[in-house]
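*Asks:* Could you have a look at this structure, given as structure tokens, before my questions?
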Amino acid sequence: MGRSLLSSTVIPVRFPQIPKSIPPLDRSIHPIPPTFALNSQRIRGFSIPTKTFCTKAVLSESPNPKRYPKMGSDSVGPIPPSQLIQVVEHAANTGAQVVMEAVNKPRNVTYKGLTDLVTDTDKMSETAILEVVRKNFGDHLILGEEGGLIGDTSSDYLWCIDPLDGTTNFAHCYPSFAVSVGVLFRGKPAAAAVVEFVGGPMCWNTRIFSATTGNKVLSNELYLMHILYSNYEIKVGNVILTVYLFLGGGAFCNGQKIHASQTDLVEQSLLVTGFGYEHDDAWATNIDLFKEFTDVSRGVRRLGAAAVDMCHVALGIVEAYWEYRLKPWDMAAGVLIVEEAGGTVTCMDGGKFCVFDRSVLVSNGVLHSKLLERIGPATEKLKKKGIDFSLWYKPENYNTDF
């Protein structure tokens with residue numbers, strides 16, 4: 001149960017009847033209320049017994065005995081969420097159109113390393129995505145896999161773009177690649193879209209995953225999207241407060257809401273991991289983890305596209321994914337989609353995650369602690385060896401909330 005900011009242990013709540021269909025918000029009728037105060041302190045949220053009421057805006061009880069901190073942003077900032085996610089999805093779809101036009105054509109492959117490929121399609125997809133972002137938000141900062149850092153580092157927004165996640169798969173026509181676009185607000189994921197390519201040669205198709213952060217703060221700074229907007233009376237002693245409730249966020253696939261699986265046994269789980277191009281100590285450690293979990297689970301897959309792997313966790317078809325040494329553009333979209341689908345995201349040592357970290361573990365939530373029993377100690381051993389787990393690819397002077 002989330003910790004309430006009210007001292008009362010019992011809070012009677014009177015709910016008006018919620019209509020079956022919610023009309024579009026008319027702010028002339030329903031103005032966004034001011035932040036409430038009690039005993040000269042700002043009330044930032046309420047914890048209500050889950051037997052009475054449960055929403056994304058209120059923390060609910062979880063079968064997982066350990067709670068991990070959320071890594072998504074508290075809000076999307078001053079841009080209305082509906083506007084931001086519309087542009088994010090448009091940008092991802094624009095890049096995906098470029099990829100789709102090339103998917104059955106010969107590839108022009110060059111190398112960034114011995115086995116690290118890049119194609120003309122990667123570059124063309126990123127160019128198309130950049131045009132969409134610049135047209136709509138010309139003052140935002142952009143971090144692309146191919147083009148690097150572009151824009152004003154004083155911006156609160158950072159777009160992390162992977163124009164073709166899983167380039168090697170694309171080069172071989174192997175169906176596990178995607179276009180990934182994630183937006184950070186002050187360093188934390190706020191909106192995301194991943195267009196996954198499914199099928200195979202002569203039958204390619206796509207599906208789009210998307211998410212926006214659920215607004216976790218009740219205040220007059222909120223902007224609303226997908227909105228259930230209503231008011232409730234909460235009685236605290238002799239004081240009755242009118243509370244405005246906002247339901248936003250969530251993860252979606254082709255417009256339908258998705259949720260991570262509820263499998264709570266490792267032996268009944270299907271897991272996914274990934275391996276980088278550098279065969280160093282972290283790579284060797286993950287080979288060992290791969291072997292360990294293969295022995296105790298239904299299997300461990302290695303598909304080769306981080307954004308796709310994380311979306312599969314959110315979709316509930318696999319239970320967890322982990323990897324060392326990913327970049328912000330690999331993770332920014334996928335981690336938010338997992339979290340908004342009810343999953344959990346941490347570093348591989350169990351610590352709080354940010355997209356500039358060098359390890360990530362995402363799961364359905366209920367398995368997270370069990371997975372960390374093996375993954376955590378292995379990661380701690382790497383740290384004791386002096387392996388660098390400091391933040392990387394964080395733009396200098398970029399404002400963050402951490």
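From the backbone N, Cα and C atoms, a Cβ is placed for every residue, glycine too.
These figures come from a predicted structure and were not determined experimentally.
TrEMBL feature annotations, pasted as is:
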type	residues	note
BINDING	E145, D162, L164, D165, D330	Mg(2+) binding site
*Asks:* Identify which of the binding-site residues E145, D162, D165, D330 has its Cβ surrounded by the largest number of other Cβ atoms within 10 Å, counting every protein chain shown.
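*Replies:* Buried the deepest by this measure is D162.
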*Asks:* Whose Cβ lies within 8 Å of the mean position of the Cβ atoms of E145, D162, L164, D165, D330, the Mg(2+) site, other than those residues?
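*Replies:* What remains near the Cβ centre is D122, I161, P163, G166, T167, A178, V179, S180, A305, A306, A307, W329.
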*Asks:* What number of additional C-beta atoms lies within 10 angstroms of the C-beta atom of L164 (Mg(2+) binding site)?
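*Replies:* If we count other Cβ atoms within 10 Å of L164 (Mg(2+) binding site), we arrive at 30.
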